[in-house]
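Worksheet: one structure, shown below.
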Ligand SMILES: *[C@@H]1O[C@H](CO)[C@@H](O)[C@H](O)[C@H]1NC(C)=O
Ligand SMILES: *[C@@H]1O[C@H](CO)[C@@H](O)[C@H](O)[C@H]1NC(C)=O
């Protein structure tokens, strides 16, 4: 009897842990109209931010200007991402959305990456983009890919590896919207080859069927450059 109880208790704790990890995969629904993030630390604390006194909230707390300005694509990848998330619009705290501008030089790309906390939808404004995402093992690593032109929209499921590449002869511009105030980004190259400290190159050589010197070279590249998010 005692053994059964312990077993059930362990099961319940495990299920609760799993359930909460699912719940926290997404931004929780707000219980108030807004909770504008503030650096004052004497208010209510929601979603990792303190809320500004609602009486002091203004339209500017929900405002950002400047996404008309092209980002600087003068980097190895020929691209840049200008994020407008809760760091730039404090009123986004608890709202579960954010927006970004993607700029690409000809041949530029946003390399394979994951947004761990949000699905994404993009709208191409200019140029010709090859985009795609790869399904998980459960779906046979299927590649879903499209060439997009101005006016085209494409959606990327949360947590899957995705990429965007400019395959046209001109600059390309797209707008991306995500279902989180702060979706996070895990660029695969930076995470695997640019971690701090570095993962043992012998381990990565085996994992990726590379020789150790190649791994050291790749680690040199990724540990010496920042990902292209502004
Ligand atoms: C909070 O402080 C950070 C760092 O000084 C600053 O970048 C940010 O704009 C501040 N946020 C607000 C809502 O004032
Ligand atoms: C994945 O591949 C297996 C084996 O070929 C097949 O039975 C299954 O239907 C495929 N699933 C999907 C989602 O494509």
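Cβ atoms are placed via backbone N, Cα and C, with glycine included.
Non-local neighbourhood of residue 115 (Mn(2+) binding site): 156, 158, 159, 162, 178, 180, 183, 184, 185, 186, each in the same chain, at least six residues away, with C-beta under 8 Å from its C-beta. The Mn(2+) binding site annotation in TrEMBL covers 113, 115.
In the three-state DSSP scheme, residue 115 (Mn(2+) binding site) is classed as coil. If you look up TrEMBL, you'll see 115 marked as oxalate binding site.
For 35-51, the entry in TrEMBL reads disulfide bond. The number of other Cβ atoms within 10 Å of the Cβ belonging to residue 35 (disulfide bond), over all protein chains shown, comes to 25. Residue 35 (disulfide bond) carries neither a helix nor a strand DSSP state and counts as coil.
Model confidence over the domain 'Cupin type-1' (65-216) is summarised by a mean pLDDT of 97. Here TrEMBL flags 65-216 as domain 'Cupin type-1'.
As annotated by TrEMBL, signal peptide applies to 1-19.
Distance from the CA of residue 113 (Mn(2+) binding site) to the CA of residue 51 (disulfide bond) is 31 Å.
Residue 113 (Mn(2+) binding site) sits 30 Å from residue 35 (disulfide bond), taking the CA atoms of both as reference points.
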